[in-house]
Amino acid sequence: MAGFQLGNAIGLLISPIIMSQAGIFGPFVIFGLFGFLWVLVWLFATSSTPDKHPQISRYELNYIMKSQKLPMPDINEPEKSRMIPPFRKLLSKMPTWALISANAMHSWGYFVILSWMPIYFNTIYHVNLREAAWFSALPWVMMAVLGYISGAGSDMLIQNGTSVTSTRKIMQSIGFVGPGVALLCLNMARNPFVASAWLTAAVGLNSFSHSGFLVNLQEIAPQYAGILHGMSNTAGTLAAIIGTVGAGFFAEQMGSFRGFLMLTSLLYFISAIFWDIFATGERVNFDGAG
């Protein structure tokens, strides 16, 4: 995930430079072309499973399978047909809804900040957009760094005897309550430097969600992790659209972003409570009765 955040930081830093040289559409063209180039790398460098990768050695394959305690695959055995996922069963369990709500709130806060913070600094503190890029890029670097720390910290908690459920709740609580408090403090900041510090804290602490809901998908239902990710990410995408559009509409109607930041803080706190009540780190039975 650190690459995701560093990409945001780099994009925010170089976009004003590109626009000054190539016009407002310059970043779209350049980033789009880089996307096409990366697709070519991705297509030739990935495979569905380790045993299907054309460049993997037998030693590496044995090491991976033994580490995962999985039997060696039979490359001549045909793949079994996949059943339709039990969507009704998945949606009947509260841990699924905990994942959905967490992804939705994470995306809401993430993309609202990503989309609107340069303009926020421009309108509230009258910082020009090139300077605002520096103010807005720093938080994503911090998010990448704290993402590593949260991952190592969650592993350490589990190794020291803390249950997986408690660990996921601790990490996700930091990932929601921390940004919620930081955004409230951002609202009260009197100068752009203090505001930038609180914004950096809000975005950075948001990375603790990576050790909360984002890894919880594989824990509660490893056989349906992809389906759960798709379901929760759909909710996250819709929340991001609503939040990004809503922030602009709110600012236009009210003349300020401050009220919308307070709303976002409130949603962070509610989502943290919902997660702490219904989330689990144990495997959930989505196939049997009950």
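Using the three backbone atoms N, Cα and C, a Cβ is placed for every residue, glycine included.
Residues or ranges marked as transmembrane segment by TrEMBL: 24-45, 97-117, 137-158, 170-189, 195-215, 227-251, 257-278.
Residues 11, 14-15, 18 of the same chain lie 6 or more positions beyond the ends of the transmembrane segment (24-45) yet place their CB under 8 Å from a CB of it.
At the 8 Å Cβ cutoff, the transmembrane segment (257-278) and the transmembrane segment (137-158) share fewer than 3 close pairs (sequence separation 6 or more) and do not count as touching. Each of 97-117, 170-189, 195-215, 227-251 was scored by its Cβ pairs under 8 Å to the transmembrane segment (137-158), and the highest score goes to 195-215. Sequence-distant contacts of the transmembrane segment (195-215) (same chain, at least 6 residues past either end, Cβ-Cβ under 8 Å): 1, 5, 98-99, 102-103, 106, 109-110, 113, 117, 121, 124-125, 135-136, 138-140, 142-147, 150-151, 153-154, 167-169, 171-176, 178-179, 182-183, 185-186, 189, 232, 275, 279.
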